[in-house]
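Engineer: Let me give you the structure first, and then I'll get to my questions.
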């Protein structure tokens, strides 16, 4: 397994992340039990009892076709990942060109400049990763074509042998049926001769003897033809059997190469991704180092020294009388007024006019 380890430190320290990649040959080794039986191979396990059947061979070819599709799927997967990396790289490159800290100054500005620069470098590394992935996918494509060419010749030869074997088998079976038919006709003719042996008709006996003789000759000819066809079928079967063994050995070798190649290319693909993490972290580390050099107090003092306008506050503004050229002291603050108490309660005596109880209609205090 890959060893991804890292730790995060405080804001004033840098963050370190470590990644590991391994070479293709460094696959994890697992203990295997000791084999007490011999290893299994294609050539020992894909036969059929029927001489015309190609089921075992077809099963191997189907397996190889499935493997070819797997290679194509892995190839397409890596191509798609390369396209994603390229789009990401383009977006990241565009982002690195955006304004970021244009109005900043001194150490923080330098850190932000490094931040943008390393973002651009990360995008370039992803462009390189995308190109590397396309090259790996190209290797996968070339491997598929190589295996296709290696299989094509053998499959064509085996197909021809299967067709020849099937044709000869049918021919042999037809000659067998003919042979058996001729043998039955011969026996019938001989029986007819025997049944008519006591007849006095010489002409009839001669005719039966001729017919029996012809049947015997036909049976013997059919026997030779049938025997010859079976002999030819035997040779074809031997040739086919040898070629079947060779085809199985080649197909097993191709399958071993396919599995090994797929395993290696996926392993390499993961190593490329891990290496990209290492590269990105190294570039980001440059930003962290720059941020470590970013001094807050130095930036504050830099701004003060660059933009300072004075070190004394403004003097108080005096009051100046318009009619006098002399400066008068600032006006004194008016004394605070005492808070007024509650209003007195009116004494409603008989001699007093109670305005709040006047009931005269049309009354008004306004005199006309």
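Here the Cβ of each residue, glycine as well, is placed from N, Cα and C on the backbone.
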Engineer: Tell me which of 162-215, 216-269 corresponds to the region 'Disordered' entry in TrEMBL.
Structural biologist: 162-215
Engineer: Please work out the helix, strand and coil residue numbers for the compositional bias 'Basic and acidic residues' (171-189) from the DSSP assignment.
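Structural biologist: Counts, helix then strand then coil: 19 helix, 0 strand, 0 coil.
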